[in-house]
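Trainee: From TrEMBL, here are the annotated features:
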| type | residues | note |
| --- | --- | --- |
| DOMAIN | 11-305 | domain 'Amidohydrolase-related' |
| BINDING | H13, H15, K99, D247 | Zn(2+) 1 binding site |
| BINDING | H15, L16, R17, N41, H136, L219, H251, A263 | substrate binding site |
| BINDING | K99, H136, H174 | Zn(2+) 2 binding site |
| MOD_RES | K99 | N6-carboxylysine |
| ACT_SITE | D247 | active site |
Amino acid sequence: MQSLTIRRPDDWHLHLRDGAMLEGVIGDTSRHFARAIIMPNLVPPVVTTADARAYRERIVRATPASDRFEPLMTLYLTEHTSPDDVEEGKRSGLITAVKLYPAGATTNSHGGVRDMDKAMPVLERMAKIGLPLCVHGEVTTPEVDIFDREKVFIDTVLDPLRKRLPELKVAMEHVTTSDGIDYIRSAEKNLAGSITTHHLIINRNAILVGGIRPHYYCLPVAKRESHRLALRQAATSGDVRFFLGTDSAPHVDPLKECSCGCAGIYTSINTMSCLAHVFEQEDALDKLEAFASLNGPAWYGLPANEETITLVKREEPLNFPLKIETGAGPVTVFDPMFPLHWDVA
Ligand SMILES: NC(=O)N[C@@H](CC(=O)O)C(=O)O
Ligand SMILES: [Zn+2]
Ligand SMILES: [Zn+2]
């Protein structure tokens, strides 16, 4: 029987939501992951250090007592965010990063940033104190095709920002294009990228061929096959600038299966099984630990986890549920469209 032991992984981009949804999903992350960067796009968003402290307490309370899990909190950047509050958040050890949502780019982003100039005082302070910026890297300009929004963001927002503030550490989250991969590779420092599980597995056909499949719809939307291959190459290369951020983003089924469905794919429950499959297909199982457990903490300046997990390849395919039931309603689980044999022992 094939098995693989790696350091316990972390998730560098995760949506836990709040209330009944938080209670319904947290165990799927805390079972396997030691830490996660918690996205702040709640309604209302997590804007201040005080908001983040209260949200962190709700997460800790919802975590199964048997699991050791550390939520790494982020602040939702607005045009009114106070540099002093951000600095205080970092100084107290509570805040790991600040998140930039271009206003209107994705779920609950309407309170995000419209005019980057208005965010400059905070970004300058972050550069000074070494606090990373996580970005949802898509422009929202109506004229720009949705499949081009990541590349246009790099050219018109991210690259100018990095030239203006070279000392700012930026994590380009959920990279979905070869343009994003190339841009990260071209940077000498202060730039890294997270890659989701699902973008390593699906291309845009999954959403559109044979009928419209809302459970494969997320933002940034999956791109054409050449981009998926570039993501797989980067993730399995061992390059320290790429690490796992699942972007597991639960929405209840009625909000996905309707005439204007929400963006987001729920992968927390089967991510490690999916990743082991992908890395095995790429003949790169020896690089899984770098991607899931080493590169992320190194970039964030944190120690890698001391504990380990063991992945075991089972004869029979595993049975993940099609949906999980939460107090907020059912959430459909990501279907990779191939049987999963790798199990977290
Ligand atoms: N990825 C998604 O499709 N959705 C995320 C938001 C995000 O990460 O952009 C969500 O909060 O639902
Ligand atoms: Zn996003
Ligand atoms: Zn996300």
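For all residues, glycine too, the Cβ spot is worked out from N, Cα and C.
Curation does not apply to TrEMBL; its annotations are automatic.
Quantities reported herein were computed from a predicted structural model and do not represent experimental measurements.
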Trainee: Going by C-alpha distance, which of the binding-site residues K99, H174, D247 is nearest to R17 (substrate binding site)?
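Mentor: Result for R17 (substrate binding site): the nearest of the binding-site residues is D247.
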Trainee: Specify the secondary structure state of D247 (Zn(2+) 1 binding site) as given by DSSP, simplified to three classes.
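Mentor: Assignment for D247 (Zn(2+) 1 binding site) reads coil.
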Trainee: How far is it from H174 (Zn(2+) 2 binding site) to H136 (substrate binding site), counting Cα to Cα, in Å?
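Mentor: Between the alpha carbons of H174 (Zn(2+) 2 binding site) and H136 (substrate binding site) there are 8 Å.
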Trainee: Ten-angstrom check, please: count other Cβ atoms within 10 Å of the Cβ of H13 (Zn(2+) 1 binding site), all chains counted.
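Mentor: The answer is 27.
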Trainee: List those of the binding-site residues K99, D247, A263 whose Cβ lies under 6 Å from any atom of ligand 3, in sequence order, or write none if there are none.
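Mentor: Only D247 meet the Cβ criterion.
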Trainee: If you count CB neighbours within 10 Å, which one among the binding-site residues L16, L219, A263 has the smallest count?
Mentor: A263
Trainee: Which binding-site residues from the set L16, L219, H251, A263 come within 10 angstroms of K99 (Zn(2+) 1 binding site), judged by C-alpha positions?
Mentor: none
Trainee: Filter the candidate list H15, K99, H136, H251 of binding-site residues, keeping only entries whose CB is under 6 Å from an atom of ligand 2.
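Mentor: What lies within reach of ligand 2, judged by Cβ under 6 Å, is H136.
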Trainee: So which other residues, same chain and not among K99, H136, H174, have a Cβ within 8 Å of the centroid of the Cβ atoms at the Zn(2+) 2 site?
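Mentor: The answer, listed by sequence position, is H13, M39, L100, Y101, T106, C134, V135, G137, E173, D247.
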Trainee: Just to verify: the residue among H15, R17, K99, H136, H174 with the fewest other Cβ atoms within 10 Å, which of the binding-site residues is it?
Mentor: R17
